[in-house]
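According to Swiss-Prot:
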COMPBIAS  204-214  compositional bias 'Basic and acidic residues'
COMPBIAS  215-224  compositional bias 'Low complexity'
COMPBIAS  453-463  compositional bias 'Acidic residues'
COMPBIAS  493-504  compositional bias 'Basic and acidic residues'
REGION    196-224  region 'Disordered'
REGION    441-504  region 'Disordered'
REGION    450-484  region 'Basolateral sorting signal'
REGION    485-504  region 'Basolateral sorting signal'
TOPO_DOM  1-14  topological domain 'Cytoplasmic'
TOPO_DOM  36-58  topological domain 'Extracellular'
TOPO_DOM  80-85  topological domain 'Cytoplasmic'
TOPO_DOM  107-115  topological domain 'Extracellular'
TOPO_DOM  137-143  topological domain 'Cytoplasmic'
TOPO_DOM  165-172  topological domain 'Extracellular'
TOPO_DOM  194-254  topological domain 'Cytoplasmic'
TOPO_DOM  276-289  topological domain 'Extracellular'
TOPO_DOM  311-318  topological domain 'Cytoplasmic'
TOPO_DOM  336-342  topological domain 'Extracellular'
TOPO_DOM  364-376  topological domain 'Cytoplasmic'
TOPO_DOM  432-504  topological domain 'Cytoplasmic'
TRANSMEM  15-35  transmembrane segment
TRANSMEM  59-79  transmembrane segment
TRANSMEM  86-106  transmembrane segment
TRANSMEM  116-136  transmembrane segment
TRANSMEM  144-164  transmembrane segment
TRANSMEM  173-193  transmembrane segment
TRANSMEM  255-275  transmembrane segment
TRANSMEM  290-310  transmembrane segment
TRANSMEM  319-335  transmembrane segment
TRANSMEM  343-363  transmembrane segment
TRANSMEM  377-397  transmembrane segment
TRANSMEM  411-431  transmembrane segment
Amino acid sequence: MGAGGPRRGEGPPDGGWGWVVLGACFVVTGFAYGFPKAVSVFFRALMRDFDAGYSDTAWVSSIMLAMLYGTGPVSSILVTRFGCRPVMLAGGLLASAGMILASFATRLLELYLTAGVLTGLGLALNFQPSLIMLGLYFERRRPLANGLAAAGSPVFLSALSPLGQQLLERFGWRGGFLLLGGLLLHCCACGAVMRPPPGPGPRPRRDSAGDRAGDAPGEAEADGAGLQLREASPRVRPRRRLLDLAVCTDRAFAVYAVTKFLMALGLFVPAILLVNYAKDAGVPDTDAAFLLSIVGFVDIVARPACGALAGLARLRPHVPYLFSLALLANGLTDLSSARARSYGALVAFCVAFGLSYGMVGALQFEVLMAAVGAPRFPSALGLVLLVEAAAVLIGPPSAGRLVDVLKNYEIIFYLAGSEVALAGVFMAVATNCCLRCAKAAPSGPGTEGGASDTEDAEAEGDSEPLPVVAEEPGNLEALEVLSARGEPTEPEIEARPRLAAESV
């Protein structure tokens, strides 16, 4: 019997080994989101040793974040081809090697290639597979699981920032990078526990063709994506798409992608600039580094609390609007705190920012999972991360350039806050429009775009189609179905009989 993933027709276990997977996802998320921000405590030393401006130095974090997001489609393809566990093990080695090599860098370009490209790629190859595996283990408790996993970011941020400051003071930035590279090897341990969820044997209707459980000679599996297709006839061979670009035609996905682009332009800027902003305001180095810890401490509480709140039956259908509210609150926090200069005002900003930032972090992937469904989530996540990469390459470096030119942080906070607030308003308005259009338009049979699985298989050649997702009441609109059912929709289960029928 293959171990590629859960058997069709069986829902996620919502527990068991899933809690171990959740713990690993917690660690990976912490490294992925906390590491690029924590590296900012080394910027002053890098600026001095390389005689560079802040904008040039900030490219290290920006490239790291861009690789984390921009290689999303690559990660999706690798997960579909090789599975979650091998990809995460390779990613952990790459992330560690990048920081170790960066400790020997003599030019900024070498830092860009090592700490930026290699470490960013390694983090990406850990982050996306961990989210995919988390979705395989949790369905009913998925909002809570997402919130708990997302709490890894503030926990690690609150720990890595002071740790980086201590390493910088004791060993210099080179010794600090070397030790942080060793710390990233924990990603390999996280990848090792990412085994596919167990499942029962195939459904009885598939046994009627004469194949016994686990003995089908044409069994094809996708280890990490949790997809398992069995050939019922050697003459018809279903093929799997390594990256499902058809998700781009989905209204819900388009709304989410635009929202994430606007959000990423400004969301990370305050956190990246915060330490140096405080230092320029006369705050001691240790106290300035502790500001990120304050953000992290508040974020730790906000993420699981918001995840549990979003899992309530009455609120879960309205998760997109909660996400919009979180974005709006984050943007308004930046706008109202642009003139903060005293340490007390900066602490108040960190508390408000950590609360809204935690809400965004807890809800962002839950909204995407609910919008596109589990079967298309790997491809959708990869494409969304690619969109975010473009915004990350624009936002923080542009902010750093403005700081160098204007010597003023105030306009940076105004710009960042406006972008994030605009993302929240757009998400709410566009979601409402999609829901209204879906209610007004008659529902048609089949999926949009029209081609059948067998036609796709013949056209793709070397790719194998993902399982068909039955047409729901419009993806984002399908969230409203939750209010009547009290639990999430499972479009992939509805589509399974069709897949079995077409393969005969």
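Here the Cβ of each residue, glycine as well, is placed from N, Cα and C on the backbone.
Listed by sequence, the residues of this chain that lie at least six past the ends of the topological domain 'Extracellular' (276-289) yet keep a Cβ under 8 A from its Cβ atoms are 40-41, 43-44, 54, 161-162, 164-165, 341-343, 346, 409. Note on the topological domain 'Cytoplasmic' (364-376): DSSP counts are 9 helix, 0 strand, 4 coil. Cβ atoms under 8 Å from those of the topological domain 'Extracellular' (336-342) belong to residues 281, 348-349, 352-353, 409-411, 413-414, 417 of the same chain, restricted to positions at least 6 beyond its ends. With pairs at least 6 apart in sequence, the transmembrane segment (173-193) and the transmembrane segment (343-363) have fewer than 3 Cβ pairs within the 8 Å limit; the two do not touch. Summarised by DSSP class, the composition of the topological domain 'Extracellular' (276-289) is 10 helix, 0 strand, 4 coil. Most Cβ pairs under 8 A with the transmembrane segment (290-310) among the ranges 59-79, 144-164, 411-431 are made by 144-164.
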